[in-house]
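Novice: Just passing along the structure, written as structure tokens.
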Amino acid sequence: MKSVEWFTWGVFLLLSGFGEAGRMGLGFQEKNPVFVKEKQSPFYAVPSNYEEVEFSSIVEPMYSGIATFGRLENVECLSKRSEDFDIAFIGMPFDTGTSYRPGARFGPSSLREGSRRINTKYGAVNVPLEINPFKSWAKLVDCGDIPVTTYDILKAMDQLESAYFQLIARKPSSFTDHDGFAKNDTVLPRVLSLGGDHTIVLPILRALHRVYGQPISVIHFDSHLDTWAPGLIGDGDEADGINHGSYFYFASQEGIMSKDANIHAGIRTPISSFSDYDDDVDCGFKIIEAREIDDLGIDGIVKKIRDRVGDNLVYLSIDIDVLDPAFAPATGTPETGGWSSREMRAILRGLQGLKFVGADLVEVAPAYDVAEITSLAGAQLLFDIVSMMVKYPLVKEADLSRYMPIHK
């Protein structure tokens, strides 16, 4: 015990009793003197050679800042209806229609976070599609999120339809002197929706039908059919029947999508009975199961999709659970045996040139993610979609050469 006390006193004397010599011996150095500039703030002192940093010349790191998709300009599109654009991203933070794991209401913010490395400042050339959509003829914006209730599904459907209609029923920034495919040969802007659960497609199709005036073909990437008749979940009334597994049934009943030119791809879910397939046929769908890629390959999958929709106007809907959970674990109803993110991107690129009127990516529930891999996969798919939309404007007989310096 005595030895410990003597050691403690020795250290104390070394640090304090020997003063300057002791401190210097232990490696302590005096700081350089600090001078206060004349008329400098009295609250702190600065070195005499201090210079202000010019932050306007510094490129913000890709991991910082407020996230928009691809660092696009955030525009209040719904409150400022005079704002024009060619392609907009809009968040739909709604997941009241989920039947299993909730959390897709946080999908829009997660997808924006996943797009940080795809941005206007650091470069965004889509090499396989040979285009940079952020440096082209198109004005791209991020319109933020639609304010939507989570307590009343019927009211939410009305809110989402109204907001989507307001976005697309305006003049675009470009091609205003061309003919388009909407009513009166009008060219309209296009919207990429960030879900949210898959129920959001019903109000989207309703709004699209109002402006295009014709049923639209649907390409639906998913592990589930989503054509359930009301009553499979819930009590069967409208408020209970509309959900992320039945919205296509309602769209078909309302006549707002094609009766014979829709297609699912990536299907692999168990079904309640074989009558589910009868309901699916009644909704105008054909099915490509996920396992078919083993025999058909990517080119075969692409051919079946293109043959089905033909030259129709097409709405593209992607449920992130079309991917295998190894590539996208953060979703509400994961199913094993899905496609890889590489396979999905290759299939998607095979659809370039189709007449896409809009698209969505849904069912990302980031609470279940690992290392952001689901958000990254979803953001990359959205990047491919917007690249195709820019590469192929939805106009009639346009001279694309003056708009597309690297278009092929």
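Keep in mind that glycine also has a Cβ here, set from the backbone N, Cα and C atoms.
These came from Swiss-Prot, pasted as-is:
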type    : residues                       : note
BINDING : His198, Asp222, Asp226, Asp319 : Mn(2+) 1 binding site
BINDING : Asp222, His224, Asp319, Asp321 : Mn(2+) 2 binding site
SIGNAL  : 1-21                           : signal peptide
Novice: Hey, how far is His224 (Mn(2+) 2 binding site) from Asp319 (Mn(2+) 1 binding site), Cα to Cα, in Å?
Specialist: 9
Novice: Would you kindly give the Cα-Cα distance separating Asp321 (Mn(2+) 2 binding site) and Asp222 (Mn(2+) 1 binding site), rounded to the nearest Å?
Specialist: 6
Novice: Using Cα coordinates, what distance in whole Å links Asp226 (Mn(2+) 1 binding site) and Asp321 (Mn(2+) 2 binding site)?
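Specialist: Between the Cα atoms of Asp226 (Mn(2+) 1 binding site) and Asp321 (Mn(2+) 2 binding site), the distance comes to 13 Å.
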Novice: My understanding is the cutoff is Cβ-Cβ under 8 Å with a sequence separation of 6 or more in the same chain; which residues meet that for Asp319 (Mn(2+) 1 binding site)?
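Specialist: The answer is His198, His220, Phe221, Asp222, Ser223, His224, Asp226, Thr331, Val362, Glu363.
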Novice: Applying a 10 Å Cβ distance cut-off over all chains shown, what neighbour count does Asp222 (Mn(2+) 1 binding site) have?
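Specialist: So the Cβ neighbour count for Asp222 (Mn(2+) 1 binding site) comes to 27.
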Novice: If the Mn(2+) 1 site is taken as the center of the Cβ atoms of His198, Asp222, Asp226, Asp319, which further residues of that chain fall within 8 Å of it by their Cβ?
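Specialist: The answer, listed by sequence position, is Val201, His220, Phe221, Ser223, His224, His244, Gly245, Ser317, Asp321, Val362, Glu363.
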Novice: Neighbour count, 10 Å Cβ-Cβ cut-off, for His198 (Mn(2+) 1 binding site): what number do you get?
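Specialist: Summing over all protein chains shown, His198 (Mn(2+) 1 binding site) has 30 other Cβ atoms within 10 Å.
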Novice: Using an 8 Å cut-off from the Cβ centroid of Asp222, His224, Asp319, Asp321, can you name the remaining same-chain residues around the Mn(2+) 2 site, in sequence order?
Specialist: His198, Phe221, Ser223, Asp226, Gly266, Thr269, Ile320, Val322, Thr331, Thr333, Glu335, Glu363
Novice: Excluding near sequence neighbours, so keeping only residues 6 or more apart in the same chain, what lies with its CB under 8 A of Asp321 (Mn(2+) 2 binding site)?
Specialist: Asp222, Ser223, His224, Ala328, Thr331, Gly332, Thr333, Pro334, Glu335, Gly338, Glu363
Novice: Within 10 Å of the Cβ of Asp226 (Mn(2+) 1 binding site), how many other Cβ atoms are there?
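Specialist: Step by step: centre on the Cβ of Asp226 (Mn(2+) 1 binding site), count other Cβ atoms within 10 Å, giving 27.
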